[in-house]
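What Swiss-Prot lists as GTP binding site is 19-26, 81-85, 136-139. Taken from Swiss-Prot, the feature Mg(2+) binding site covers THR26. Per Swiss-Prot, the feature domain 'tr-type G' maps to 10-206. Annotated region 'G3' per Swiss-Prot: 81-84, in sequence order. Residues or ranges marked as region 'G4' by Swiss-Prot on the basis of similarity to another entry: 136-139.
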Amino acid sequence: MAQDKFKRTKLHVNVGTIGHVDHGKTTLTAALTKVGAERFGGEFKAYDAIDAAPEEKARGITISTAHVEYETEVRHYAHVDCPGHADYVKNMITGAAQMDGAILVCSAADGPMPQTREHILLARQVGVPYIVVFLNKADMVDDAELLELVEMEVRELLSKYDFPGDDTPIVRGSALKALEGDQSEIGVPAIIRLAEALDTHIPNPERAIDRPFLMPVEDVFSISGRGTVVTGRVECGVIKVGDEVEIVGIRPTSKTIVTGVEMFRKLLDQGQAGDNAGLLLRGTKRDEVERGQVLAKPGSIKAHKEFEAEVYVLSKEEGGRHTPFFNGYTPQFYMRTTDITGKVCLPEGVEMVMPGDNVKVTVSLINPVAMGEGQRFAIREGGRTVGAGVVSKVIG
């Protein structure tokens, strides 16, 4: 019990492995748990246990993901590893496993491969903020110049997708050797260096409570003699009685004052991230607010109609469409608490999108919705999920 309490004092950070198939992501994940367990306690997870990743559902999509934990001197890491390429794509787009940073695993023997590139691009598109590189299988390369070359290639690739390639930590090692307990430079010490790189290169994540206030509107009702109450779950920030908020989305933005905060029918001084709250709004009529809008700190979020997004389209087996869709496809986009119709514009040279594909699209909604980059959404047809996406850029 005492140990459990002690654990909470360490800062919690979410990471994951990305990179090409067979470059050693799962072996590295196992090595991190082993070295972590030996140094700071915790549980060693063997390769087979991680590889047999259980299936989960996120936004109606089934994804195989393995979750492991390990500790460093200053942090507690929750780490995700996916068995297949398709699982990575789905994971990153749905945000099923939010990452504060990623470990890019690249084989020193092969150098960057197609999925290396695709995972870096996806990391950029979906807003993974930091990448640390592990150059794996370094024991298979005798030529020091070749190692330098591969390292340069990886740095160039990172820079190409707007990561700081020149300043990114690249650790050379062998995950397999580390698992075997090898104490040479590329064995266990390499894993320790990688853990240190995670500690120093990935900054402390910003907590939801420290961000500007935002609450998606789920329900609106009027209480006679008191006014209009809006209910929802506070997504981020803190709201106090007397605070000014903006009502954003669907209609022109308006301002009001919060005159009461309630939770479970009790009056409070404030509500914060994670709370299911009811907010009493001054001088706002019942028909001036609707589900799908958000209440937010003034100036912190704007409503947009047009945006670029990275999208994953469910396969037929996943319960998605049985046929491809084309330019001008008009499904519903489910963002936070609202379904809103939008038109899809495909990139030049892409004629159609097959179920199971991932693609970058431009979307035009019929009404503006409060959103920013990194906003996740589901794509639905008649209430059935056919895809998932994340806003990579707002246009207008």
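Just so it is clear, glycine is given a Cβ too, placed from its N, Cα and C backbone atoms.
A C-beta separation below 8 Å, combined with a sequence spacing of at least six in one chain, links ASP22 (GTP binding site) to SER107. Neighbour density at the Cβ, taken as the number of other Cβ atoms within 10 Å, is lowest among the binding-site residues LYS25, HIS85 for HIS85. Counting residues 6+ beyond its ends, the region 'G3' (81-84) has Cβ neighbours under 8 Å at 16-17, 21, 25-26, 29, 50-51, 53, 63-66, 68, 91 in the same chain.
Between ALA138 (GTP binding site) and the residue listed as 'Mg(2+) binding site', the C-alpha separation comes to 16 Å. Cα of THR26 (Mg(2+) binding site) to Cα of CYS82 (GTP binding site): a distance of 8 Å.
Note on CYS82 (GTP binding site): other Cβ atoms within 10 Å of its Cβ, all shown chains, come to 24. ALA138 (GTP binding site) has a Cβ environment of 21 other Cβ atoms inside 10 Å. Long-range C-beta contacts of GLY19 (GTP binding site), restricted to its own chain and to partners at least six residues apart, with a cutoff below 8 Å, comprise LYS25, LEU104, VAL105, CYS106, GLN115, THR116, HIS119.
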